[in-house]
Amino acid sequence: MTDVADRATAGFRREFGAPPAGQWAAPGRVNLIGEHTDYNDGFVLPFALPLRTVAAADRQEGARWTVWSELSGETIDFGADEVDEPGRVAGWGAYVAGVVWALREAGHDVPGARLAITSDVPLGAGLSSSAALEAAVLTALVDLGGLDLPAERQPRLAQRAENHYVGAPTGIMDQSASIRCRDGHALFLDCRSEGVEHIPFDLRGAGLAMLVVDSHAPHRHADGEYAARRKSCEAGAERLGVPALRDVTVDQLDTALARLDDPETRRRVRHVVTEDQRVLDTVALLRAGRVREIGPLLTASHVSMRDDFEITVPEIDTAVEAALAAGALGARMTGGGFGGCVLALVEADAADPVADAVTAAYAEQGFRAPDHLTVLPAPGAVRLT
Ligand code: GAF
């Protein structure tokens, strides 16, 4: 198959009979650590994948947007009327229309445009294909229209598209990762201030590799469960009298837990508070160049997601256990949960044996065979041509 960017340009030419004015690429992500902390105003540490969504685009007259998607094979067309009424553009088109809507809502003079969209980011694997789509479209429209919207303000706008137009109550991590990540670095993001620090993450230099295993576990009620976790966290913060769970430190945790009478809320709070600390500890190790030592923090994060936040599924737990038993230095589910991918930090020469061990464990359990790839931190959204 040809390169994702070449396919976007070829698709644009075929659909619209002319070359595009440019191409904009935005990556999917994995989250190294810091799960379900973003909407609690906490800390996250994602990095961008070398898998990208590309928008080849050009301006067109008037407030009209015409969009071809390689994946669906459809071309959709909508104007300002449809955009201004959330719900009128559905399916994948809602992510595109949502970005136009959020820009217009924020007072930007959004240029009409024709776009051709291609992607290497697998759908439904928990690798942020939706944020990659939003970010590719957003950066294309910002550049085409010469809009005054610096990169640091773009994630909030893309998140608004997802929350209010698409209707998914997600935090700000995925859009920030797709837009703000840097090659060779993980993105340490404070989700309250939106301040970032680019943390060098030199896996190769440390003789290590990051294995990403796609569990292929069907997403079971993921949307409703995500919203339920978010509600529990908000209820916990309210009961504790803090603006968000970010405001509870690990030193205060026992006292805080003693004030909560609902055992489920206690578990949710414990996950978020300890997870924030694990992000800070991981960042401290990476800053000191002690990459190999982050393994136990990754595994502790997984245990917390499994036992306290209760967002893992048997396929995911099997992958983590098999990877650890085969010698991974640490392993955890990445992303929102109820399926998706597992990260395993491994010695560079152990990636294949660990992947084989996971595949064998899946066969033994009768699960559909997993896919895997090894990844290095890639750049965030960028104009290609
Ligand atoms: C999903 C959401 F989109 C993110 O905002 C984040 O909450 C994540 O789940 C869990 O850490 O990817």
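Backbone N, Cα and C atoms are what each Cβ position is placed from, and that goes for glycine too.
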Checking TrEMBL, the member of Y165, Y226 that binds substrate with E35, H36, T37, D38 is Y226
G126 (ATP binding site) sits from H36 (substrate binding site) (Cα to Cα, rounded, in Å) at a distance of 13
Most Cβ neighbours within 10 Å, among the recorded positions R29, H36, goes to R29
The answer for which recorded positions (R29, E35, H36, D38, A125, S130) have a CB under 6 A from ligand 1 is E35, H36, D38
For G124 (ATP binding site), the closest of the binding-site residues by C-alpha position, picking from T37, D38, E162, is E162
Among the recorded positions listed as R29, S69, A125, the Cα nearest the Cα of E35 (substrate binding site) belongs to R29
For L127 (ATP binding site) and R29 (site 'Transition state stabilizer'), the CA-to-CA distance in whole Å is 5
Listed in sequence order, the residues of the same chain lying six or more positions from S69 (ATP binding site) whose CB sits under 8 Å from its CB are T75, I76, W92, I117
